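**Student:** As listed in TrEMBL for this protein:
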type     : residues  : note
TRANSMEM : A:6-23    : transmembrane segment
TRANSMEM : A:71-91   : transmembrane segment
TRANSMEM : A:117-135 : transmembrane segment
TRANSMEM : A:147-168 : transmembrane segment
TRANSMEM : A:180-199 : transmembrane segment
TRANSMEM : A:297-320 : transmembrane segment
TRANSMEM : A:332-353 : transmembrane segment
TRANSMEM : A:390-414 : transmembrane segment
TRANSMEM : A:426-445 : transmembrane segment
TRANSMEM : A:451-474 : transmembrane segment
TRANSMEM : A:481-503 : transmembrane segment
TRANSMEM : A:518-536 : transmembrane segment
Amino acid sequence: MIAFLSVAPVVLVTLLIGLRGIAAMRTTSDFLVASRRVSPLLNSAAVSGEYLSAASFLGIAGLVVKDGMGALWYPVGFTAGYVAMLVLVAAPMRRSGALTVPDFAVARLASHTLRKLSAVVVLVIGGLYLVPQFRTAGLVLSAVSGSQYWVGVVIAAAAVSITLALGGMRAATYVQAFQFYLKMLLFIVPAAWLLIQVGPEVRHEAVHPVEFTHFAKDTPVDFQLDVTLELREPTTVIGRDGSRETLPPGELRATSGSTLVFAEGTAVPQARGGAAPGGPGWQRPLLDLRHAGYPLLGTWAILIATMLGTMGLPHVLVRFHTSPDGRAARRTAAITVGLLSIFYLFPGIYGTLAKVLVPQLYLAGTTDTAVVALPSQVESGGWGDVFTGLLTAGAFAAFLATSLGLLLVVSGAIAHDLLPGGLNRLRGTVFAAAAVVVMLALPSARIDAGVLVTWGFTVAASTFCPLLVLGIWWSKLTKAGALAGVTVGLLASAGAIAVTLFGGELTGWQAILVAQPAPWSVPLAFATMIGVSLFGRPPSWAAAAMLRLHLGEEQHARPGPGRDLGHLSWQARRSSAVRRITRRLGR
Amino acid sequence: MPSRRVAVTSPQTRIAHARRRVHTAWRPPALDPDDVQRAMRVYAVQRRRALLPLVLLVSLLLGIPAVLAAWPALDDVRLLGIPVSWLAMGALPYPLMVGIAAWQLRRAERAESADETA
C-alpha cells in the first residue's frame with residue numbers, strides 16, 4: 001500500500017508532464033534533442049536529474065554498508081566527470097551539430113563504419129546502465145510492497161517506455177528537471193529527519209563504527225534471492241511460532257522468499273566472501289575492491305572509470321545537444337557540478353546510518369534497499385511509513401529519469417544510426433528496447449547496481465572518451481585510428497567484464513585490473529588511436545573539421561562594414577587557402 | 001466551399017524527389033579562411049587554458065586517496081566527532097570541484113569573447 005501510494009503519484013506526474021511534450025513533436029530532431037531550445041538552468045537540472053540514477057539514490061548507500069566507507073569515492077568520480085566534461089568536451093561537442101555520439105563520428109571523421117560501431121557501443125553502455133535501473137526498481141518495489149521481483153521490473157519498463165514513446169526528449173527534459181528537484185527534496189528531508197530522530201547513541205555509533213559480529217536484537221532477514229550463508233558458531237533462529245532452533249555450524253541455504261529471524265546475541269554468519277560491515281577495513285576511506293588487498297589501486301581504478309566514463313556516456317552527451325549553443329552547453333556542465341555536489345553530500349549519511357541500523361541486509365545481498373529500509377527502523381508506523389513512502393517515490397523517480405534518457409539514446413542508436421527510419425520507427429524501437437532490457441534484468445537481480453553502472457562507465461571511458469577528446473583536440477586523428485581505438489577499447493573493457501562475470505577467480509592486483517579495467521583499457525584505447533592515426537594521413541579537410549568545433553557561434557564571419565564576404569576573391573576563399581593556414585597546426 | 005490547401009510542385013521537382021539521391025562522400029562544411037584564423041587563435045588559447053584545470057582535477061582525485069593511504073592516522077583525528085579522513089573523501093572534494101568548474105567556465109568564456117572583440 002505504501003508502495004502504491006508513493007509510486008503512483010510519481011508515475012502519474014511523469015506521464016502528465018510527458019503528455020505536455022507531445023503537442024510540439026513533429027520531427028526526429030524534436031524527439032532526440034527537443035529542437036535544441038533548452039536553457040542552461042533547466043538543462044543542468046535535467047542533466048543532474050537524469051544522472052542521479054537508482055545507483056546514486058540507493059546504490060551508494062548500499063555499497064557503503066557492503067564494501068565500506070570507501071564507496072563514497074564513487075560520487076566524487078561521478079561529479080568530477082562533469083568538470084572534465086566542462087574543460088574538454090561540452091562546448092565543442094555541441095558545436096559539432098551532431099544529434100548523437102555516432103553522428104559526431106560522421107561530423108568529425110566522415111566515417112559511416114565508425115558511426116555503426118559507435119551505435120553498437122551505445123547499445124553496450126545502454127544495456128549495462130539500464131539493467132541495474134530496472135533491477136533496482138524491481139527490488140525496491142518488492143521490498144516495500146512484498147510483490148514479486150518481476151512485477152516491479154515490468155511496471156517500471158511500462159512507465160518509462162510509454163512516457164518516452166509519446167513525448168520524446170522534450171517530455172524527458174521537463175520530466176528530468178522536475179525529478180531532479182523532487183529527488184533532492186526526497187533525499188535531503190528524510191536524511192534530516194533520520195539524523196534528528198535516531199538519537200545520540202546511533203549518531204555516535206555511526207561515526208564510531210563497530211564490527212557487525214553479533215545480532216543486537218532479534219533480527220528478521222528477508223531473502224529475495226537464493227543465498228548461501230556460512231555459520232561459524234551454533235546459531236539460534238526463531239521460527240514463525242516463536243520456537244527457537246539452534247543450527248549447527250556449517251552451510252545454511254536460504255531460498256528466495258524466505259525469512260530467517262536470528263535471535264539476539266547470535267554470531268553473525270558469513271556471507272559470500274565479504275567482510276562484515278564495520279570491521280577495520282570497512283572504516284578506511286579507500287575502496288578495497290574484491291578484498292584484494294590493494295585499496296589505493298582499487299580507489300584509483302574507480303575514480304578513473306567514473307571520471308572519464310562520464311565524458312563518454314551517450315545519454316549525458318545527448319542532453320548537451322539540447323542546449324542552444326556551445327556556450328550554453330558549457331554553462332550547463334558547470335551548473336551541473338554544483339547541483340551534483342549538493343546531492344552527493346547525503347549518500348554518506350544514509351550509508352553510515354544504515355550500517356548501524358540495518359547491517360543485516362548484507363547477509364541477504366540486498367544492501368541496495370538500505371535507504372528505503374531505514375525509516376521503519378527508526379519509527380514503526382506513522383512517520384516511519386511516510387518517509388519510507390517518500391524515499392520509495394524518490395528512488396522510483398531516480399530510476400524513471402535515468403531510464404528515460406538511456407532508453408532514448410538506445411532507441412536513437414538503433415532507429416537513427418543503425419537502421420535509419422522516421423519518428424514512428426523511433427517510437428516502436430522504444431518498446432522493443434524496453435522489452436529486451438526487461439528480459440536481461442530478470443536474471444540479474446544478484447549483481448549490485450553500483451557494479452553494473454561502473455562497468456557502463458568503464459566501457460564509455462575506453463571508447464567514447466578517447467574518441468571525443470582526440471576528435472576535438474587533435475587534428476591528426478584519422479578514420480582508421482578512431483576505428484581501431486574504439487574497437488580495442490570496447491574489446492578490452494567488455495572482455496574484462498565478461499571474464500569477471502563468467503571466468504575464474506583471480507586474486508591480488510590482477511583481480512582489481514580485471515574487475516575494473518579502466519586504468520589500463522583507457523590508456524590502451526588512447527594509445528591505439530594515436531598510434532594508428534600516426535601511421536596514416538588525415539584527409540585535407542580534417543583540420544578545418546576540428547577547428548570548426550572551437551569556433552563560437554557568434555564568431556562566424558558575418559558581412560559587416562568594411563568586410564563584405566561576397567566580394568572576396570575566389571582565390572582567397574578556396575579550400576587550399578584553408579589548408580595553407582591550418583598547416584601551422586602540425587608544427 | 002472551404003478551399004483545401006494543396007502543395008503545388010512542378011513535375012520536374014517530383015521526378016527529382018522520386019529519384020534516388022546519389023551518395024557522395026560526406027564532407028564537413030567548408031570554413032571561411034578568415035574564420036579559420038580566428039578558430040586557430042581560439043583553439044590555441046583554449047588548449048592552453050584547459051591544461052591547468054585538468055592537472056588540478058587529476059591531482060585532486062588521485063592525490064586525496066594517496067594522502068589517506070599514506071597517513072592512516074587521519075582516521076583517528078576527528079572534527080566535530082567525524083573522522084577527518086571521511087570528511088576528506090565525502091565532503092572536501094565537492095567545493096574544490098565546484099571552484100575549479102566556475103573558474104574554468106569564466107576563463108573559457110573570456111577566451112572566446114576576447115577573441116571576438118579583438
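Cβ coordinates are placed from backbone N, Cα and C, and glycine is handled just like the others.
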**Student:** Taking 3+ C-beta pairs under 8 angstroms (sequence gap of 6 or more) as contact, is the transmembrane segment (A:117-135) in contact with the transmembrane segment (A:518-536)?
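**Tutor:** Answer no, regions not in contact.
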**Student:** Taking the transmembrane segment (A:297-320) as reference, which of A:71-91, A:147-168, A:180-199, A:332-353 has the most Cβ pairs under 8 angstroms?
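**Tutor:** That would be A:71-91.
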**Student:** Do the transmembrane segment (A:518-536) and the transmembrane segment (A:451-474) share at least 3 Cβ pairs closer than 8 Å, excluding pairs fewer than 6 residues apart in sequence?
**Tutor:** yes
**Student:** Would you kindly check A:147-168, A:180-199, A:426-445, A:451-474 and say which stretch has the most C-beta pairs under 8 angstroms to the transmembrane segment (A:71-91)?
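**Tutor:** When the Cβ pairs under 8 Å are tallied, A:451-474 comes out ahead.
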**Student:** Residues of the same chain, at least six outside the transmembrane segment (A:332-353), with any C-beta under 8 angstroms of its C-beta?
**Tutor:** 40-41, 43-45, 47-48, 51-52, 56, 60-65, 69, 71-72, 75-76, 78-79, 82-83, 85-86, 90, 180, 183-184, 187-188, 191, 194-195, 198, 202, 206-207, 209, 319-320, 323, 370-371, 374
**Student:** Do the transmembrane segment (A:147-168) and the transmembrane segment (A:390-414) share at least 3 Cβ pairs closer than 8 Å, excluding pairs fewer than 6 residues apart in sequence?
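**Tutor:** Yes; at least 3 Cβ pairs under 8 Å.
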**Student:** Quickly jot the same-chain residues contacting the transmembrane segment (A:180-199) by Cβ under 8 Å, restricted to those at least six beyond its ends, or write none.
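**Tutor:** For the transmembrane segment (A:180-199), the sequence-distant neighbours (Cβ-Cβ under 8 Å, at least 6 residues beyond its ends) are 10, 45-46, 48-49, 52, 57, 339, 342-343, 346, 349-350, 353, 356-357, 374-375, 378-379, 383, 387, 390-391, 393-394, 397-398, 401.
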**Student:** For the transmembrane segment (A:426-445), could you work out the same-chain residues 6 or more beyond its ends whose Cβ comes under 8 Å from its Cβ atoms?
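**Tutor:** That would be 28, 31-32, 126-127, 130-132, 134-135, 138-139, 149-150, 153-154, 157-158, 160-161, 164-165, 168, 224-225, 407-408, 410-412, 414-416, 452.
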